[in-house]
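Annotation comment: TrEMBL describes 1-21 as signal peptide. Summarising the annotation, TrEMBL assigns domain 'Plant heme peroxidase family profile' to 22-315. Feature annotation from TrEMBL assigns disulfide bond to Cys32-Cys112, Cys65-Cys70, Cys118-Cys311, Cys195-Cys220. Taken from TrEMBL, the feature site 'Transition state stabilizer' applies to Arg59. What TrEMBL lists as active site, proton acceptor is His63. Sequence annotations record features per position, and here TrEMBL assigns Ca(2+) 1 binding site to Asp64, Val67, Gly69, Asp71, Ser73, Glu85. The substrate binding site feature in TrEMBL is assigned to Pro158. Residues or ranges marked as heme b binding site by TrEMBL: His188. According to TrEMBL, the Ca(2+) 2 binding site annotation covers Thr189, Asp235, Thr238, Asp243.
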Amino acid sequence: MASRTWHFLLALSLLSSAAYGQLSPSFYVTSCPLLELTVRATMIATLLAERRMGASLLRLHFHDCFVQGCDGSILLDDVGSFVGEKTAFPNVNSVRGYEVIDRIKANVELVCPGVVSCADIVALAARDGTFLLGGPSWAVPLGRRDSTTASLAEANLPGPTLNLDQLIRAFDKKQLTPRDLTALSGAHTIGFSQCQFFRDHIYNGTNIDPAFAAPRRQTCPAAAPTGDANLAPFDVQTQLVFDNAYYRNLVAQRGLLHSDQELFNGASQDALVRQYASSPALFAADFVAAMIKMGNIAPLTGASGQIRRNCRVVNS
């Protein structure tokens, strides 16, 4: 049954992606036919070494798309007078996986040099990380090109202290609906967060199960900056399995971040959270649709941008 569900979602994503302009799942079918096999093989090796990296690469894609679009700008290093996005507060000492993108890029360059963008590699890695951790797969619309610019100033992503209205407004600015917000937040069914991002919620939150907050306090002291970088899983039960447990946790007031629990706090998203908590297939379908939609935020296509040789620097 699960296999049929994922096959249906894959077919659905193929149909949905046709609506997204110049991006197409078949973009590299002749220019780099081994692309997806190469990415998948590298991702399998990566997750065998560290399963958490699947969650990290999904987050990397989100952080790329929310700043000047899905253009690989987050990958650019600070070089000389060029200032990238890696030192922005939401990214510094937090976003991971740059070296994995480097490895995938190097492997792809071996089979089709100068053809595939770093931005597309990020999108494929996010999809494969999700699938390899037990989540759905989908046909990724491809054809993005890489930016020659980055924006430290624009790297102001929706933060963990936002309330529901603020989250909805932040996503609306990217043409993402409240339903997209709630579905994409399900990415927090895998991975970890740093103490500095959930400290206030576990000590001062009024909508958190005390039995859930207490163990978190053991590794996240109240006084900052002590323990700022200490990690806790978003989902204690299945922290490295992509499922719908995140939503069951929200119903039980066991959201790790304040922004997580805002999705189930007596407001507009409560009913949808309950639906996702009881229906893995509904969550998976909406997550796929929202990922395809997010992946189409302001891509560079055609003659815009470039195909970087090295994902960390603009071509000279």
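For all residues, glycine too, the Cβ spot is worked out from N, Cα and C.
Same-chain residues that are not part of Asp64, Val67, Gly69, Asp71, Ser73, Glu85 yet have a Cβ within 8 Å of the Cβ center of the Ca(2+) 1 site turn out to be His63, Cys65, Phe66, Gln68, Cys70, Gly72, Ile74, Ser147, Ala150, Ser151. Of all the recorded positions in the record (Cys32, Thr189, Asp235), the one with the smallest CA separation from Cys65 (disulfide bond) is Thr189. Counting other Cβ atoms within 10 Å of each Cβ, the binding-site residues Ser73, Thr238 show the lowest value at Thr238.
For the pair Thr189 (Ca(2+) 2 binding site) and Cys112 (disulfide bond), the Cα-Cα distance reads 35 Å.
Averaged across the domain 'Plant heme peroxidase family profile' (22-315), the predicted model reaches a pLDDT of 96. In this structure the alpha carbons, written CA, of Cys112 (disulfide bond) and Ser73 (Ca(2+) 1 binding site) are 22 Å apart. Considering only the recorded positions Arg59, Gly69, Asp235, the residues lying within 10 A of His188 (heme b binding site) on a C-alpha to C-alpha basis are Arg59, Asp235. For the pair formed by Asp243 (Ca(2+) 2 binding site) and Arg59 (site 'Transition state stabilizer'), distance between Cα atoms is given as 16 Å, rounded to the nearest Å.
Take the Cα of Cys311 (disulfide bond) and measure to each of the binding-site residues Gly69, Ser73, Glu85, Pro158: the nearest one is Ser73.
Between the listed disulfide-bonded residues, namely Cys65, Cys70, Cys112, Cys118, Cys195, the fewest other CB atoms within 10 angstroms of a CB are found at Cys112.
Take the Cα of Cys220 (disulfide bond) and measure to each of the binding-site residues Val67, Asp71, Ser73: the nearest one is Val67. You'll find the Cα of Cys32 (disulfide bond) roughly 14 Å from the Cα of Cys118 (disulfide bond). Of the listed binding-site residues, namely Asp71, Glu85, Asp235, Asp243, the sparsest Cβ surroundings within 10 Å are found at Asp243. For the recorded Ca(2+) 2 site, residues Thr189, Asp235, Thr238, Asp243 set the reference point as the centre of their Cβ atoms, and the other residues of that chain within 8 Å of it by Cβ are Ile190, Phe234, Gln237, Gln239, Val241, Phe242, Asn244, Ala245, Tyr246. Counting only the Cα atoms, the space from Ser73 (Ca(2+) 1 binding site) to Cys118 (disulfide bond) is about 9 angstrom.
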